[in-house]
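Presented below is the structure to which this report refers.
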Amino acid sequence: MKLTRFEMLRKSAHAATYNMVLQLFLKMISFVLNMIVIRLASKDMLGVVNIRLYLLYTTVLFLGTEAFDNASLSKIEGKTWRQVINLMWLTVPLTWLLSCICIVIWLYVWKVPDPDVIPNYYIGVISYAMAAVIATLARPHFTVAVSNFFVGLRVGAVAVGESFKVLMAVILLWLKPELGIICFAVGQIIGETLYITTYYTFFWIYINTGDEVDKSFAFQSTRDFFPKWSETKPFLNERMAMLTRSVFRQSLLKILLTEGEKYVMTIFGVLSLADQGVYGIVNNLGSMIPRFVFQPVEESGRVFFSQLLLRGKKFFEQPKDEAVLAYQVLRHLLRAMLMIGSIILVFGNNYAFLLLDLYGGEHISEGSGPYILNGFCVYVLILAINGIMECFHFALMNIAETDSYNKKMLLFSVVSLVSTLLIPQYFGGAGFIIANILTMCTRIFYSLLFIREFYHGTEYKPLKALIPSIPFCISLIISSLIMKLSESFFCCDQGLLFRLVHIGIGGLSLLAVIGVIYFTETDLSDFVLKHYRKTKSEKREAEEDKKREEDKKME
């Protein structure tokens, strides 16, 4: 189905918004269940699950799917849906091979935990590796859902899988705590199975119910979701396959950058299992906002820029209307992410201790936990900016530029490895956050150069959006001072009532900051309203055209 650029923008915005709403519901459930898990499992157990086993799962799944996702969603002339499906099914044997390699490394190359402290570790390793393979069985369906903006399906599948994964772990830890890591392993397998079942069930119902399948939908049968040879087209699109190979090399370096601190913890044992458990808890808590807000926006932005712009072309080589629209979207996204990240930085630093105390109790809020979370608030701001810049950057790179960027990522990897080895020796768990910030800043620097070069010689300067307004800065400074005073008077050892007062003061401060944004950032609101009305008008015209066609058929 060919979408106009404004319809594409509307669907991308709708996708991001709907995604965030459903993510909020999911995170509320996950937050409560994880609070129970933290109180049922030991710090050592949480360290193994949240660091080592989750690292295994993300390594296999990321390396097995990231390159294929990028290639399949890119705007490539001549590609067909049959070739996209064929390509995405290659993720299954690849993740199977990767899981076997990782199982050997995790069990026989790297040091395993003491079996008296962490029994059944080998079962956990095998289960988490197999869970990653199970997840790829729905990767073709995931790609179709992303391309067709089936946001409810994507988030619903994750919600079902994640909720039952944690729920099963809670039930087993409550009833059979002696099973230890098996509780988490069973939950992981069940969660991934329900995840893929949700995709298969949705598309079976979507295609097989109703009077007629939407003719604009490329799949008229559930068999179309499986690989098949074509009589007129090659099994794979050559350019798409070459892009996959190029991005895969990039993925090898990107996983080291994304999960570098977990590799260092696992290989070198920089932190004890208990300290890893605290770090993992704080990391999961701190990453809730990036997953809830930034990830949906980045996913929608990546799809939008990939389908709107041509890879490897500069501004003047792009269709003018599309290039200008891309500039407007990029500028406003950068502005929005800057403000959200800044708010998280200011408010998070003032409520870190209270949040950890409510989430995990004294054994988490005492010690290094609050300092790690304070550092994570800074990291969130950097993540917010980097995510938008990279989704634009990666959407425009051709194969040669991708290969060149891979070489630059070697530098990022060196910076990441050196910083994660050295800095934690002086700052403990917080040192990993500092190392991540340094690594992320180098990535931002190269994306910044790319964006500046893309718009060089034009009147468009999207990077100016990263300069915050004076009223916004003043509102954050005043709010921070008020919350510091509130914390010293009301938090956090004077009972529930004083804690509620402290939370209420923070809520009022947040409303004041939002009010400043509403009255001063008029460009952003005007842009949203303008394109909302335009796409709504286009949608109405399309519905009227469709109705006229149906009337002609009846005549």
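Any Cβ shown, glycine's included, is placed from N, Cα and C.
What TrEMBL says about this one:
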- 21-42: transmembrane segment (TRANSMEM)
- 54-73: transmembrane segment (TRANSMEM)
- 85-109: transmembrane segment (TRANSMEM)
- 121-138: transmembrane segment (TRANSMEM)
- 150-173: transmembrane segment (TRANSMEM)
- 179-207: transmembrane segment (TRANSMEM)
- 336-359: transmembrane segment (TRANSMEM)
- 371-397: transmembrane segment (TRANSMEM)
- 409-427: transmembrane segment (TRANSMEM)
- 433-451: transmembrane segment (TRANSMEM)
- 463-485: transmembrane segment (TRANSMEM)
- 497-520: transmembrane segment (TRANSMEM)
- 535-555: region 'Disordered' (REGION)
- 538-555: compositional bias 'Basic and acidic residues' (COMPBIAS)
Could you name the stretch, out of 54-73, 121-138, 336-359, 371-397, 497-520, with the greatest number of CB pairs under 8 A to the transmembrane segment (85-109)? 54-73
Establish whether the number of Cβ pairs under 8 Å between the transmembrane segment (336-359) and the transmembrane segment (497-520) reaches at least three, counting only pairs separated by 6 or more residues. yes
May I ask which of the stretches 150-173, 179-207, 371-397, 409-427, 497-520 has the most CB pairs under 8 A with the transmembrane segment (121-138)? 179-207
Three or more CB pairs closer than 8 Å, sequence separation of 6 or more: does that hold for the transmembrane segment (371-397) against the transmembrane segment (433-451)? yes
Same-chain residue ranges lying at least 6 outside the transmembrane segment (179-207) that approach it to Cβ under 8 Å: 45, 48-49, 53, 57, 118-121, 123-124, 127-128, 130-132, 134-135, 137-138, 141-142, 144-145, 150, 153, 156-158, 160-162, 164-169, 172-173, 213, 219-222, 225
Same-chain Cβ contacts of the transmembrane segment (54-73) under 8 Å, 6 or more residues past its ends? 84, 87-88, 90-91, 94-95, 98-99, 102, 106, 125, 128-129, 131-133, 135-136, 139, 143, 146-147, 188, 240-241, 243-248, 250-252, 254-255, 258-259, 262-263, 266, 280, 302-303, 306-307, 394
